[in-house]
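Trainee: Below: one structure in structure tokens.
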Amino acid sequence: MNNQEAINALQMVRQANPLVHNITNVVVTNFTANGLLALGASPVMAYAKEEVADMAKIAGALVLNIGTLNPTEVEAMIIAGKAANEAGVPVIFDPVGAGATPYRTETARNIASAVQLSVIRGNAAEIANTIGESWTIKGVDAGEGSGDVVSLAKKAAKQLKTVVAITGKEDVVTDGNTTYIIRNGHPLLTKVTGTGCLLTSVIGAFAAVERDVLKAAAAALVIYGVAAEIAAKNAGDEGPGSFQIAFLDALSRVGADEISRYGRIEQGE
């Protein structure tokens, strides 16, 4: 995986305009939809259990996010996930806040067990708690933990039989055998709610067009991080509000030149 492959994947997203079915949380719905539109994908937010299976089957990817979970939506997620599995549609899962409460942790584990995931993306604490490893979490944000994030990602990939993306100061993405480290992004991403959730949906957009889901996830992480760096530069010292707008603009404009110059991806051990 290299910058040119990330560029190629971005071009495929923009040419195909893939439909990404999101069952996500109420905090981030608008930002997620606008971010996908800016990137070049086509978002749909369909939550009713009476239609989620039909929608998932016609989508390019299904994204499940438990940020504001409730029993009705969890049921819809599992229905949609199983329908996507039957149709060969990639399923991307964001176990927001896994480890914060027993119900949230149990829900993350149940979804990961009931649905064959293509990619799971979260911070180290969320991924660790989803697979039963010990890691502290603060609300729905990453807490303090000790341990090797690469080893954690590989263990999760093998246990869940999926690609795992652990995001933080450095991003790690692995299928348990091949691992990539991405060193792009900007601290202002942590000052705007929903940037992690949007990233998960962006991975969905790439997985819809690049069937090698490891490469799809890696490409999404590189491009997302480069866009954040561009946005921070353009926003200057204005703060997170201006950054949020600049970031949507950057997602729509980022291209081959910026990715070639600023993309920082390397293969790990």
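Note: Cβ is positioned from N, Cα and C throughout, glycine not excepted.
From Swiss-Prot, here are the annotated features:
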{"type": "BINDING", "residues": "M45, G194", "note": "substrate binding site"}
{"type": "BINDING", "residues": "R121, T167", "note": "ATP binding site"}
Trainee: Where G194 (substrate binding site) and R121 (ATP binding site) are concerned, what is their Cα separation in Å, rounded?
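Mentor: Pair distance, Cα basis, whole Å: 13 Å.
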Trainee: Let me know how many other Cβ atoms fall within 10 Å of the Cβ of T167 (ATP binding site).
Mentor: 26
Trainee: State the Cα to Cα distance, in Å, between M45 (substrate binding site) and R121 (ATP binding site), rounded to an integer.
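Mentor: R121 (ATP binding site) has its Cα 19 Å from the Cα of M45 (substrate binding site).
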Trainee: Name the residues of the same chain, 6+ apart in sequence, whose Cβ is under 8 Å from the Cβ of R121 (ATP binding site)?
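Mentor: Listed in sequence order: I92, F93, D94, V164, A165, I166, T167, G196, L199, T200, I203, A217.
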Trainee: I'd like the Cβ neighbour count for G194 (substrate binding site), meaning other Cβ atoms within 10 Å of its Cβ, all protein chains included.
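Mentor: I get 20 for this one.
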